[in-house]
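Pulled from Swiss-Prot, these are the features on record:
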- 95-153: domain 'CBS 1' (DOMAIN)
- 157-216: domain 'CBS 2' (DOMAIN)
- Asp250, Gly300, Ile301, Gly302: NAD(+) binding site (BINDING)
- Gly302, Gly304, Cys307, Glu471, Ser472, His473: K(+) binding site (BINDING)
- Ser305, Asp340, Gly341, Gly342, Gly363, Ser364, Tyr387, Arg388, Gly389, Met390, Gly391, Glu417: IMP binding site (BINDING)
- Cys307: active site, thioimidate intermediate (ACT_SITE)
- Arg403: active site, proton acceptor (ACT_SITE)
- 468-488: region 'Disordered' (REGION)
- 475-488: compositional bias 'Polar residues' (COMPBIAS)
Amino acid sequence: MWESKFAKESLTFDDVLLIPAQSDILPKDVDLSVQLSDKVKLNIPVISAGMDTVTESKMAIAMARQGGLGVIHKNMGVEEQADEVQKVKRSENGVISNPFFLTPEESVYEAEALMGKYRISGVPIVDNKEDRNLVGILTNRDLRFIEDFSIKIVDVMTQENLITAPVNTTLEEAEKILQKHKIEKLPLVKDGRLEGLITIKDIEKVIEFPNAAKDEHGRLLVAAAIGISKDTDIRAQKLVEAGVDVLVIDTAHGHSKGVIDQVKHIKKTYPEITLVAGNVATAEATKDLFEAGADIVKVGIGPGSICTTRVVAGVGVPQITAIYDCATEARKHGKAIIADGGIKFSGDIIKALAAGGHAVMLGSLLAGTEESPGATEIFQGRQYKVYRGMGSLGAMEKGSNDRYFQEDKAPKKFVPEGIEGRTAYKGALQDTIYQLMGGVRAGMGYTGSHDLRELREEAQFTRMGPAGLAESHPHNIQITKESPNYSF
């Protein structure tokens, strides 16, 4: 051990370039999909970080519609986080197999509250919660001129000439029925009992977002972060009940006894849920987490733009080497890793994927988008959004202190491993994803990679020094017009 203390040399994104290779594939024809686990397939290899200025339900919905995945952060109460997951799962459905419903004796106020909370324009009405026989439907049109919200639903709901369909109705058949009768919601019934619901909005979304990442029921995929704190059991339970597809045990040091024990416990309790564990930076850590039961391991100790772990704690592994080492171990298990942190450009994404990552997790590149929950600020006439690390003092005070194993410390005793700042406002997420995936497609075209598996297996790197990096960026010119995919 003593003799090998300085034996390892490590590389990061700015130390390497991919070598171009003979290609017979055009960028527009490459396959960006990735199978992360038996139940989770993404159509782009991008995951938004579980950070309180990056991902809540709005971001997770937008990410899934683009074909990626969003991780709902845990800097909120258990019920609130579960509610955020529900918003994603109910935002879009092929067929809503478990629709909301109310009974005739409930008040219009309760209907208005339910519809407002989940942003739905109507709700089926059943005789009672046990039998669930459909007796009516309540829509915004029924409520348009209501002034007294204390009246019962039975007094205003539509009861006559209800249009319904059997439970095995396809989306194509449903669309024809909806158009024929000029209605927006089609209850699915069996022997009069409400069994499902198809809406015109969901059909329109299928057409508008054909690349969306969905579960087997046609609902958007969503992930949520948990930790190793006292509320983890109840948090995991509520998230699973809300329909979460992926649980992410999110800590700063995944190669620790507490995390390994938590992986074993969560996987035993919820074997059907895809489980991500991290963060780590070595093959040994990857091996231990996979053997404990993790389906996916998240890689990255300190590479993030808002992370100070490497300078505060003096610990980490430059990210390209960390990805490669962990991927080498993951190959032995036939499992996936996520490259988390350090990505500044689309070129870094393809480097991370070529080094062995199955997907990348992004924070700073997405924090400036409209869908992120960070507050908007105006600074020197330009629009920005607040972005902070989960190891920053503000985030730790709000609840992320357990991520850094400081759960029992008073706020004045926190030792932060991150900073708070601002990032330029970028507009809609879909525009950012378009540019990022355009860069990945271009890189795959240059390397002759038809899909991400081929990129991982066949692409080769060359190392470069500071002069090579300087040569790689625009030089000997003053940039006068900002590019949508480059800022330095």
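Cβ atoms are placed via backbone N, Cα and C, with glycine included.
Projection of Swiss-Prot feature records onto the structure.
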{"residue": "Asp250", "record": "NAD(+) binding site", "DSSP class": "strand"}
{"residue": "Gly300", "record": "NAD(+) binding site", "DSSP class": "coil"}
{"residue": "Cys307", "record": "K(+) binding site", "DSSP class": "strand"}
{"residue": "Gly341", "record": "IMP binding site", "DSSP class": "coil"}
{"residue": "Tyr387", "record": "IMP binding site", "DSSP class": "strand"}
{"residue": "Glu471", "record": "K(+) binding site", "DSSP class": "helix"}
Cβ-Cβ under 8 Å with the compositional bias 'Polar residues' (475-488): same-chain residues at least 6 beyond its ends: 345-346, 424, 431, 435-436, 438-439
Among Asp250, Glu471, the most crowded of the binding-site residues [Cβ within 10 Å]: Asp250
Pairwise Cα distance maximum in Å, NAD(+)-binding residues per record: Asp250, Gly300, Ile301, Gly302: 14
Inter-residue Cα distance where the pair is Cys307 (K(+) binding site) and Gly341 (IMP binding site), in Å: 9
Coarse DSSP state, helix versus strand versus coil, of Gly363 (IMP binding site): coil
Residues flanking the NAD(+) site, with Cβ no more than 8 Å from the Cβ centroid of Asp250, Gly300, Ile301, Gly302 and excluding those residues themselves: Ala252, Gly278, Asn279, Val280, Ala281, Lys298, Val299, Pro303, Gly304, Cys307, Thr309, Gly316, Asp340, Gly341
Local confidence of the domain 'CBS 2' (157-216) - pLDDT mean: 90
DSSP helix/strand/coil residue counts for the domain 'CBS 2' (157-216): 20 helix, 17 strand, 23 coil
DSSP-derived helix, strand and coil totals, residue by residue, for the domain 'CBS 1' (95-153): 16 helix, 16 strand, 27 coil
Distance [Cα-Cα, Å, rounded] between Gly389 (IMP binding site) and Ser472 (K(+) binding site): 29
Cα-Cα distance linking Tyr387 (IMP binding site) and Gly300 (NAD(+) binding site), given in Å to the nearest integer: 19
Among Asp250, Ser305, Tyr387, which are recorded as binding-site residues, the nearest neighbour of His473 (K(+) binding site) by Cα: Ser305
Separation of alpha carbons, Tyr387 (IMP binding site) and Cys307 (K(+) binding site) (Å): 11
Largest tally of Cβ atoms lying within 10 Å of a Cβ, found at which of the binding-site residues Ile301, Cys307: Ile301
